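Peer 1: When I checked TrEMBL for this same protein, it listed these features:
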- Lys100, Arg290, Arg291: substrate binding site (BINDING)
- Met137, Gln165, Lys189, Gly190, Ala191, Ser228, His229: FAD binding site (BINDING)
- 44-301: domain 'Proline dehydrogenase' (DOMAIN)
Amino acid sequence: MLSSRAVLLAASRRPALRRALVGLPVTRRVVDRFVAGETLEDALTAVRRLAADGVAVTLDHLGEAVTDPATARRSRDACLAALEGLAPLRLGPAAELSVKLSAFGQALPGGEALSLELVRPVVAAATGLGTTVTLDMEQSATVDATLRTLAALRCDFPGTGAVLQAALFRTADDVAALAVPGARVRLVKGAYDEPPSVAHVDRDDVDAAYARCLGVLMRGGGYPMVGSHDPRMVALARRLAAEYGRAADSWEVQMLYGIRSAEQVRLAAAGVRVRAYVPYGADWYGYLVRRLAERPANLRFFLRSLVPG
Ligand code: FDA
């Protein structure tokens, strides 16, 4: 039987639903909870606010699955503009970028080379500002290409980070390969609907896999980025950091903008490095649907906002 998550993610790919949802005025309220705004200025306002609370950021200019090279080039330009906008804030590594290679044309014919060509100047500009770029991870079919792009970028820009999804069976090997000095890895549970041939489908199995991968990363020599709102995973990360004698600046917790915001500030005040993933831009649809699909409470929040009053 299909889960409600699978149904929602599948339905989200239907253009008619997309048009209906995007057109609803109430959708706006829900978008505002999860997205910092449509413009770079909106995003920079959120960055300043979070920085004042001791929370670092990774900015995400929303967009994915572009269908032509011109749009892919616009993704590069938007990222370069974001870095220009961040420069006067002088936040250094406390403000980095996250990018989805599908927004840089990865899925187009010859897209692996195109996305590398377009993302390279973004990573170079980030390095020039003393900060980094993290490659988000998308559907399982893109993992090999994304990891090849990561390897190519790390030859020149070793601080480039990647995301690994605990739900995928292959991730056990991928974390082991990247738990090495200099590697920055954000471990997440995985937001995409994957077939049982490649991924755990049961939530408990995903959680167990997350805990195992976290152990490998925290024990290893890299820089683990604990991408989760799950209090159990954050507590486990803190226990492992203590057990392996990790300095406070050798790992961090990452959470999404608008989710457990008070906890982000509380953890930062307690001496944990915390980074918020701050999405902004007009192309928020895919991002929003993944947030609704991953947690019944998020979907209820959306459905409640459809009821007037
Ligand atoms: P999960 O959703 O399983 O929730 C576990 C528990 O956390 C809940 O029971 C509750 O206690 C608590 N919790 C969760 N949400 C809460 C809320 N709104 N309020 C209060 N408590 C809450 N995915 C991907 O495939 N590729 C990627 O590149 C990324 N990138 C990324 C960056 C960052 C910084 C984060 C935090 C996440 C991602 N993700 C991602 C998404 C990720 O794969 C996953 O879908 C979500 O983080 C949800 O999983 P959690 O681990 O947060 O817990």
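We count from 1, first residue shown onward.
Here the Cβ of each residue, glycine as well, is placed from N, Cα and C on the backbone.
Note that the coordinates shown come from a computational prediction; the quantities given were computed from them, not determined experimentally.
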Peer 1: Ten-angstrom check, please: count other Cβ atoms within 10 Å of the Cβ of His229 (FAD binding site), all chains counted.
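Peer 2: I count 17 other Cβ atoms within 10 Å of it.
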Peer 1: Work out how many Å separate His229 (FAD binding site) and Lys100 (substrate binding site) at their Cα atoms, rounded off.
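Peer 2: The Cα atom of His229 (FAD binding site) is 21 Å away from the Cα atom of Lys100 (substrate binding site).
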Peer 1: Measuring Cα to Cα, how many Å separate Gly190 (FAD binding site) from Arg290 (substrate binding site)?
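Peer 2: Cα-Cα, rounded: 10 Å.
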Peer 1: Just checking: which of Met137, Lys189, Ala191 have a Cα that is within 10 Å of the Cα of Lys100 (substrate binding site), counting only these binding-site residues?
Peer 2: Met137
Peer 1: Spatially speaking, which of the binding-site residues Met137, Gln165, Lys189, Ala191, Ser228 is closest to Arg290 (substrate binding site)? Use C-alpha to C-alpha, please.
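Peer 2: Comparing Cα positions, the candidate nearest Arg290 (substrate binding site) turns out to be Ala191.
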Peer 1: Looking at the binding-site residues Lys189, Arg291, which sits with the largest number of other Cβ atoms within 10 Å of its Cβ?
Peer 2: Arg291
Peer 1: Cα distance, Arg291 (substrate binding site) to Ala191 (FAD binding site), nearest Å?
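Peer 2: Distance between the two Cα atoms comes out at 8 Å.
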Peer 1: Three-state secondary structure of Arg290 (substrate binding site) from DSSP?
Peer 2: helix
